[in-house]
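Listed in Swiss-Prot for this protein:
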DOMAIN    5-241  domain 'ABC transporter'
BINDING   Gly37, Pro38, Asn39, Gly40, Ala41, Gly42, Lys43, Ser44  ATP binding site
Amino acid sequence: MSAALTANAASFAIGSVALVERVDLRVEPGELIAIVGPNGAGKSTLLRMLSGDVRPTAGAVRMANRDLSTYSPRELAGRRAVLAQHTNVGFPFSVEEIVWMGADIDRRKAAPLFDRAIREVRLEAFRHRDVTTLSGGEQQRTHFARVLLQLWCGEASYGPGLLLLDEPTSSLDIRHQLDLAEMARRCARDGTTVIAILHDLNLAARFADRILMMHQGALTADGTPSAVIRPDLLARVFDVDLSVSRDSTGAPFVLPQLAKR
């Protein structure tokens with residue numbers, strides 16, 4: 001089976017400042033991958049390269065054995081969907097109108113997918129609300145529904161796609177964080193490749209198949225949660241002492257102990 005996505009020595013720099021350096025990566029169809037690391041580690045820049053939002057200044061990123069730079073914007077939008085870290089809407093669109101922006105097929109065909117997206121993020125009661133009146137978490141869920149609709153409409157034409165999420169749980173309460181993680185897990189089981197930036201190491205360890213750990217622009221670790229969530233590695237990358245235990249499923253979880261002086 002061909003890889004869903006590959007990066008070969010992919011780097012990105014602005015002038016003489018390297019933001020991401022020589023990342024090599026192979027992502028299989030249906031994998032759920034979490035990208036973790038401290039602020040400024042290069043996580044969002046890496047995700048933007050993997051999505052095609054920016055081109056590597058060196059190396060290459062390929063999706064389905066084809067360089068991302070060769071896709072037209074329309075074809076790229078049909079094959080991958082991206083939830084940005086910040087999406088500000090300054091106009092009084094309704095929740096329905098925002099979500100429908102993700103559809104690229106006939107509305108009659110997309111209607112069941114639209115209804116499913118609204119249900120998945122628990123926004124049935126908010127369909128007609130002005131999005132500018134919603135809380136930050138409600139707005140984030142609205143945009144997640146839009147991205148899901150885009151993904152599913154694209155998959156109707158192209159088959160299993162790619163879902164990229166930049167800090168998708170940043171404004172969500174614990175219930176909706178778990179809802180989103182479960183939804184990402186279901187997408188992966190259906191064949192979608194999911195890559196998400198997460199700051200919650202425990203959420204990453206519980207739901208991800210693999211964890212990529214970024215540090216100072218480099219891919220420092222790539223492996224299973226048990227292989228990456230280790231006290232020595234966490235201390236080196238995050239500069240904090242952490243105790244690693246196991247939950248009832250065997251997944252590692254961390255407890256802050258004492259920051260290094």
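Using N, Cα and C of the backbone, Cβ positions are placed for all residues, glycine too.
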>> Let me make sure I understand the structure: which of the binding-site residues listed (Asn39, Ser44) has the fewest other Cβ atoms within 10 A of its Cβ?
In response: Asn39
> Given the binding-site residues Gly37, Gly40, Gly42, which one's Cβ is surrounded by the fewest other Cβ atoms within 10 Å?
Replying inline: Gly40
> So what sits near Ala41 (ATP binding site) in its own chain, CB-to-CB under 8 Å and at least six residues off in sequence?
Replying inline: Met214, His215, Gln216, Gly217, Val237
>> Suppose you look only at the domain 'ABC transporter' (5-241); what would the mean pLDDT be?
In response: 93
> For Lys43 (ATP binding site), what is the tally of other C-beta atoms lying within 10 angstroms of its C-beta?
Replying inline: 24
>> Can you tell me how many other Cβ atoms are located within 10 Å of the Cβ belonging to Pro38 (ATP binding site)?
In response: 15
>> According to DSSP, does Ser44 (ATP binding site) sit in a helix, a strand, or coil?
In response: helix
